[in-house]
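Here's the structure, in structure tokens; my notes come after.
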Amino acid sequence: MLEKILLLLSLSLSVAEGLCKPGVGEAYKVRFSIKTALGDQAYPWNKNEMFLFRAALAFAMRDFTNGEEFGVSDIHPCNETQRVSFWFVVTRPNTMDLVDKGTVEMAIKKSRNRINGAFLLTDKTLEFDGIYPTLAAPVSPDTPPWLIVFGVVMGAVSVGIIALLVYPLVQRKLKKNMDADDEDSDEETGVKTAENGANDGIYNSTFSDDERFTQM
Amino acid sequence: MRLVLPNPGLDLRIPNYEDLEKMEKEDGDRPKWDNKAQYILTCVGFCVGIGNVWRFPYLCQTHGGGAFLIPYVILLVLEGLPLLLLEFGIGQRLRKGSVGVWRAINPYLTGVGIASMLVSLLIGLYYNTLIAWIMWYLFNSFQGPLPWTQCPLNDNRTGFISECQQSSTVDYYFYRVTLNASASITDSGGLQWPIVICLLAAWTVICICYIRGISTSGKAVYVTALLPYVVLAIFLIRGLTLKGAMNGVKYLFTPDVDELMNPTTWLDAGAQVFYAFSLAWGGLISFSSYNPVHNNCMQDAVILTIITGLTSIYAATVTYTVIGFRATDKYDTCISENIRMLLNGFELPEDSITASNYNAALHHLNSSNPDTVFGLDIKTCDMQKLLSEGVEGTGLAFIVFTEAITKMPGSPAWSVLFFIMLLCLGLSTLFGNIEGVVVPLKDLNLFPKKWPQEALTGVTCLVSFIICLLFAQQSGLYWLTLFDNFAGSIPLLTIGLTEMIAVVYIYGIDRFNEDIKFMIGKKPCIFWQISLRFTSPLILLVILVFYLVTQAQQELTYLVWDPDYDEFPTLASVPYPSWINVVIFVLAGIPSLVVPVYALCRLVFVRCKKKMKPEKDINQI
């Protein structure tokens, strides 16, 4: 009895290994770059890690097909290399029928983050040959930040221009008021002191010769 | 040496020494510098521009590194220094802007001033467009991650847009997002609105800084002239701590003495000195005319020369630390990529090939399995080639530097600092530029006399903004390169040469010597005599002739950004359309020809007037 079971198992295993042919049919290639991702904290690749991979993939298949009870034995790896890369095929639970590539691809795409997380890797360091990761769109804020900065700069410049244009007008007005006050106080005292006249002498340009150009 | 052309009536046209002393004591309505530091900073800002950051390091590196400093310093002293003294001296003595000065020396020479004004205007137009681009990048630096770090995704989100994928994120951002460059100069496309807005910002900033002439711009230069030095220092410290910085600096300064035998080295050094000092723009003459009469202009010329020379070397060092860092980073990425391909192709364990044993491993694999290695398409990683990549002009600032900044930690801060520095460098040059446009316009009485300075500045900026919209089109980049090549080269050399001849042989070098003696207290020594009379005009003449010869021989082509080109992302070299010759004539020919044409017109006008006058006398009798 025992021998029969053993015979059946080995048969199924050999059949399964026959199913997994690199580059043919429904097989996918996986590549792990653990040392690149984790450096000093890299874990060594061994049979336990392979078991985790098969379990993770079985989970992905279950999750995608919504209940079909895929197990670890339905994931068949082969051609493992030192690079840590290997091929694998997926069979339907309790049968030897291969699951088509499209379904496997969609299942992996759906649970990609979970599979990556199980191995502490990323889309770049755990590669499935032929399955391209959907890229995250670049963050674009609602108001482009450059418009905000532009607004600030233009605001400051406009305030500056208005200030520079208005300031002399305001000064002139104040001076006129002050002069009017001074004249009132002078009329009372009746004395025109030297200070009022001599400081603001008017430059009489009649006597300086500005136009030295010969006539055309 | 008494070679002076006859110049009647000169004494009537210029103030004599007593008048100068009187003007000195009285407070005229001519603007004045608040203090000497403002004047020096304005001149330093004018001379030290973006060219020091993106033209000089490239020239230094292509013409033999450290050895290039020899022709540069020699020509700085023989060509730059005398011309500086000439412009400072004549401006301070005659106390007028560029048109006024040449009109005073001889009314037939007014054309020189007009040419200076036209050249300043044309250069100012495209220079401010560069400022607008710099502002665009500055405004966009206030976000993390910087917008030029990532490509936008394509429609089905599996990859990036092909144009971006084939070139690089920074290329795409500059040519597509910022400029939306069309594929040829004839294909003008529409206006690029972000650029229009930035142009508006640029012209408004210039307007407010120069709104009252030097009384406002003199305050602004305290920031715009000094801030670049501070930022360069910060970048120097940051640069030297980056990996691979010393590769860049070594590459820059490794001398190659054979280059000194090459005449183009000397030509390029001469041209760089001439343009770096912003000579013949008219701005320096204007600035010196606001000085007190007894200001020591000889000392100023020497100080300015030393500062410009040292700043060029300083900026070159900083630039090349960053370039070295970028090249090293790209080299490391290239090697890692090759290692990855080898590991994947040969299914070897991860740590078997590292950067240190890469060459040995590649050699071993190539000898054992050459076909597989060939099939993998391994690229050769060449450090020298990476160091020499696209490191001049807009390519340096907007592509190489922006890429390097994205790799530094805290990139938005570095980006902001870098573009503020470029902005300040550009603005301080533009102050001199706009001085060289507004003051001649005032002297030529093209504006009504009642208008205040604010109105003059405002109108000039508004008209320039409208003309600048030419550069905001999709073909704007090609127009800018056209202006850069033709408006700023030959006319300036012609004007510079004419200035020297005018002062030395028409105004009279003896009179000039006396003026310097009156203003400073001592006559210029033998070095100045020889260089002003012979060496400087000769050098300028040689450079001008060579320039004309090389330009005439060159085929008129330009580089375009064309995604459909076979060798994209390399820029395609395309011939100009035939109507471009008219444009080139307007840009280069008209300013150069204004000098003789104005003299001729005046001659004809005077002759006609003389003929009419005797007739009038006869009629009166």
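The backbone N, Cα and C atoms fix where each Cβ goes, and this holds for glycine too.
Note that this is a predicted model, so its numbers are computed, not measured.
Neighbour density for B:G45 (Na(+) binding site): within 10 A of its CB lie 27 other CB atoms from the protein chains shown. Taken from TrEMBL, the feature Na(+) binding site applies to B:G45, B:V48, B:N52, B:L425.
Annotated transmembrane segment per TrEMBL: B:39-57 (among others), in sequence order.
Look at TrEMBL and you will find B:69-90 (among others) tagged as transmembrane segment. Sequence-distant contacts of the transmembrane segment (B:69-90) (same chain, six or more residues past either end, CB-CB distance under 8 Å): 60, 63, 101, 105, 260, 265-266, 269-270, 272-274, 276-277, 279, 284-285, 288, 297-298, 300-302, 304-305, 308-309, 312-313, 496, 499-500, 503, 507, 512, 515-516, 519, 524, 528, 531-532, 535-536, 539-540.
Residues 50, 97-103, 178, 194-195, 198-199, 201-203, 206, 280-283, 394, 397-398, 402, 415-416, 419-420, 422-423, 426-427, 429-430, 433-434, 436-437, 440-441, 443-444, 464, 467-468, 471-472, 476, 479-480, 483-484, 487-488, 491-492, 494-495, 498-499, 502, 587, 590-592, 594-599 of the same chain, all 6+ positions outside the transmembrane segment (B:111-139), place their C-beta atoms under 8 angstroms from a C-beta of that stretch. Positions annotated as transmembrane segment by TrEMBL: B:111-139 (among others).
Counting only same-chain residues 6+ beyond the ends of the transmembrane segment (B:191-211), those with a CB under 8 A from a CB of the stretch are 128-129, 131-133, 135-136, 139, 178-180, 217, 220, 427, 430-431, 434-435, 438, 453-454, 457-458, 461-462, 464-465, 468-469, 471-474, 476. Sequence annotations record features per position, and here TrEMBL assigns transmembrane segment to B:191-211 (among others).
Sequence annotations record features per position, and here TrEMBL assigns transmembrane segment to B:220-240 (among others).
The transmembrane segment annotation in TrEMBL covers B:269-290 (among others).
The transmembrane segment feature in TrEMBL is assigned to B:302-323 (among others). With a cut-off of 8 Å between Cβ atoms, the residues of this chain six or more beyond the transmembrane segment (B:302-323) that come close are 40, 43-44, 47-48, 52-54, 56-57, 60-61, 69, 72-73, 76-77, 80-81, 84, 229, 232, 235-236, 239-240, 242, 245-246, 248-249, 251-252, 276-277, 387, 391, 396, 400-401, 404.
The annotation transmembrane segment is assigned in TrEMBL to B:413-434 (among others).
Residues or ranges marked as transmembrane segment by TrEMBL: B:455-480 (among others). Outside the transmembrane segment (B:455-480), and at least 6 residues removed from its termini, the chain residues within Cβ reach (under 8 Å) are 121, 124-126, 128-130, 132, 175, 179-182, 184-192, 195-196, 199-200, 203-204, 206-207, 210-213, 434, 437-438, 441-442, 447, 558, 560-561.
Residues or ranges marked as transmembrane segment in TrEMBL: B:486-509 (among others).
Per TrEMBL, transmembrane segment is recorded for B:530-549 (among others).
Sequence-distant contacts of the transmembrane segment (B:579-605), counting only residues of its own chain at least 6 positions beyond either end whose CB sits under 8 Å from a CB of the stretch, comprise 107-112, 114-115, 118-119, 122, 185, 482-483, 486-487, 489-491, 494-495, 498, 556. Look at TrEMBL and you will find B:579-605 (among others) tagged as transmembrane segment.
Recorded stretches compared: B:220-240, B:413-434, B:486-509, B:530-549; the one with the most Cβ pairs under 8 Å to the transmembrane segment (B:39-57) is B:413-434.
Note: the stretches the transmembrane segment (B:486-509) and the transmembrane segment (B:220-240) are not in contact (fewer than 3 CB pairs below 8 A, sequence gap of 6 or more). Sequence-distant contacts (6 or more apart, same chain, Cβ under 8 Å) of B:N52 (Na(+) binding site) comprise B:A276, B:T308, B:T311, B:S312, B:A315, B:L425.
Within 8 Å of the centroid defined by the CB atoms of B:G45, B:V48, B:N52, B:L425, the record's Na(+) site, lie the Cβ atoms of B:V44, B:F46, B:C47, B:G49, B:I50, B:V53, B:A225, B:P228, B:T311, B:C424, B:S428, B:T429, excluding the listed residues themselves.
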